[in-house]
Each structure stands twice: as C-alpha cells, then as structure tokens.
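*Asks:* Here TrEMBL flags 157-417 as domain 'SAM-dependent MTase RsmB/NOP-type'. Annotation comment: TrEMBL describes 271, 317 as S-adenosyl-L-methionine binding site. The feature active site, nucleophile is assigned by TrEMBL to 370.
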Ligand SMILES: C[S@@+](CC[C@H](N)C(=O)[O-])C[C@H]1O[C@@H](n2cnc3c(N)ncnc32)[C@H](O)[C@@H]1O
C-alpha cells in the first residue's frame, strides 16, 4: 500500500472505532482487518501504529483542534490524523499532499479543514498551556481520584501510564525452565530478559511477533503482565490444594495457578461469561494443564452455596475499571465514565461476599484488581472487613507502572479464621 492508502485505511479504522464507542478499540481493529484480508501484515502494522498513536494523543489533538474553534465543533478522524501528522513534524503542505484525493488516498482537505489545521503548523503535540488531564490523556472527572491515590507522585505515575507498555511473558514451568523458554524464543529471533520481580517472567524487547513463535504455540510461554504474575504469587497455591479462580475469564491466572500447583490438586475456574470460559479451553490444552474444571456461574446458581467452606484458596480477580492497564488500552481511559466506577464497585462487593463463603476455615480469599483507584482496592477491602465476620487481612500488594514497571495492580490476602461461622450473603453469581 502507498503511504496515502495507509492513511486512508487508518482514517476508516478510526471512523469505525468512533462509531462503536463502548467497544474496545482492539476488538474493532480485529474485525476491521478480518474484513479486509487483502491488507498485508506490514501495512496492517503501519495502519495500527498510526491509529494507536492518534488514540494515545486523542485529548491533546482535540485540544489543538479546539484552538480558534467553538469547543463543540465536530472533530473528524480525518482532522485527527492530519493534525497528528502535523504535530509529529510535517508541515501542512506536506500533509495536504497526502490527502490528494487520488485512487486509494484520502479526499482532499477542504477549506474548513485547512483553516482548522493551519494554526498547528510548526508546533509539536505537547504544549505547556494544556491542563493536566489533557496533557496526560485522562478524563477530567478522574483527576481527584488519582490525586488522592498518588499525591506528589501523580505526574510521574500519569506519565508512566501514558507510555506504551512492554510485552511480558510467563514461562510455563510445567513445560520449560525460564532459560529453556528464552533459548526457544531466541530460535525464532525473539530476545527476552528475565523480569526483575516475577520469578517466571520474561520481558520481550520491542514489538516482536510472539504468538507465531514455536515457544508460544507449544505452550512454553503465555502472554501475561508481570504484575498479573505477582498477583498469582499472592495466592500461594500448592499441589495438594483445592482452589477456585472465581472470575477466571479466559484463564490467564488459572493457567499460572495450575503451574504453581504442578498440575495437581483441583482448580475450579468460574465466570459469568460462557465465551470467556470457552476461550480458556485452547489455552489450557496448549499449556498441558489438566487439573482444571470450568464452571459457568448462572443467575440463581446454587454452586457457591453447595461448595461453601470447601476451598483452600479463592481468587477473586475482580471486574474493574482497568485503570492499571491504561498503558495498553489508550482508548479505554477515554471511555471510562463515573457511572462505570459506581457500578463496578457494587459488583465487586457482591462478588467478594459470594466468593468469601467458598473459603474453608483457615483458608484464604485473595482479592485482586488491575485498578489504581482506592474505591476498588483498599476501600473495597475495608468495607468487606467491616461487614464480614471471621476474616483477617494478612497482606496487600500494590503495583504501579512508575514505581514497579508493571501494569497497575492491587491485591489483598484475607485469611478466614479457623473457627469462624460461614458468611451468608444472598444467592447470586
Ligand atoms: C479481570 S477479568 C478476569 C481476567 C482473568 N482472571 C485472567 O487472568 O485472564 C474479570 C472477569 O470477571 C468476570 N465477572 C463479571 N461479573 C462476575 C460475577 N458476578 N461473578 C464472577 N465473574 C464475574 C468477567 O466476565 C471477567 O471475565
């Protein structure tokens, strides 16, 4: 594809992302490229890189394009892409030549578009006049929450959260040592260094095609952020245990738990989403894991009631705002609304109450999120301990991109006292 054709495709993809504002951008992009199989892998990479750099700069681009316009003027994906190219160092004349109206190229910039772009000539993306939320690409409403959370470290944390994330792998010790996995990756030209905090992690340099490497296909490694691996470490699951992964999704943490249990004992992977649980099947097979059964939680499900008090460990990897993963999902930070946070905190406390009853006396409930917000983390645990008898907080884990170089994670380990009565919340999945 010519550079202009890639620009046109990036504009089309941004149009589709904007048209489906509640859908994650990577899901929209996957569907977009699936429908356009004629776009080869190099073009696909280039188009995605352009779209993702626009998404990462979205608030700053809006800020620039609002200068000299009524704040509510529509900002089209065409304008966003052209503005991005200019603030990346290209003069307006050069950008306008790419919008040539030729075959496969974007249509020519019209007079109104040129008027809005002209003031950007000679500028770069960042500007000292931008408010903090614009500069760091976060919604205005969340600034007080993050200020309360980070205090003087706010700016450093926000800067780390705006940078692209590295790619981390977890070595599957059921199949290989960390050294073996590194060697296998190197055979496919992939260089990876041991992570500093997780004993099972490898950090891959640059953007490398890990999923087509033999080490990935053969189940020697899984893609998993180092922070996620550390959350699994909190569970301290051992081979003889019975363990529930209550919000297992497609099994990212289930796989790591099975590894720490040396494929022995029993894991029940639960979730309310059948497609997500189904997604775990292929991964479990690839990793050679066979100590896992799946359980779909349905409304009115009596499973938690029947199995009350019978598990050594219950992991609640709760649905959350995902604020800790914003490095990977630049679109998610602009989609998040205050009402989403309010809904999630209610859901988290309901899940905690139901999952707590599965823990046997002396066993442990491990609560985790990939959120940076106190409402979903410490405050959630404080509220649980206030309303629930018989659990003691043993330790917490808090990870952030700036302080730890991982995604943002929170974890809390709660031990059920040996002689405590069963907690008794309402029946609900
Ligand atoms: C953070 S994700 C889990 C990610 C997964 N543990 C992993 O490591 O790949 C949260 C999961 O909670 C599930 N969920 C939402 N509501 C739930 C509920 N009431 N009970 C159990 N799981 C729920 C979602 O379907 C989602 O898969």
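Any Cβ shown, glycine's included, is placed from N, Cα and C.
TrEMBL entries are annotated by machine, without manual review.
Help me picture these features in the structure, burial and contacts included.
*Replies:* For residue 271 (S-adenosyl-L-methionine binding site), the same-chain residues lying six or more positions away in sequence with a CB closer than 8 A to its CB are 247, 248, 249, 277, 296, 297.
Taking all protein chains in view, 25 other C-beta atoms sit within 10 angstroms of the C-beta of residue 370 (active site, nucleophile).
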*Asks:* Can you tell me the three-state DSSP label for residue 271 (S-adenosyl-L-methionine binding site)?
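*Replies:* In the DSSP reduction, residue 271 (S-adenosyl-L-methionine binding site) maps to strand.
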*Asks:* Which state, by DSSP, holds residue 317 (S-adenosyl-L-methionine binding site): helix, strand or coil?
*Replies:* strand
*Asks:* If you average per-residue pLDDT over the domain 'SAM-dependent MTase RsmB/NOP-type' (157-417), what number do you get?
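*Replies:* That stretch averages a pLDDT of 96.
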*Asks:* Take the C-alpha atoms of residue 317 (S-adenosyl-L-methionine binding site) and residue 370 (active site, nucleophile) and report the distance between them in angstrom, rounded.
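*Replies:* Given the Cα positions, residue 317 (S-adenosyl-L-methionine binding site) is 8 Å from residue 370 (active site, nucleophile).
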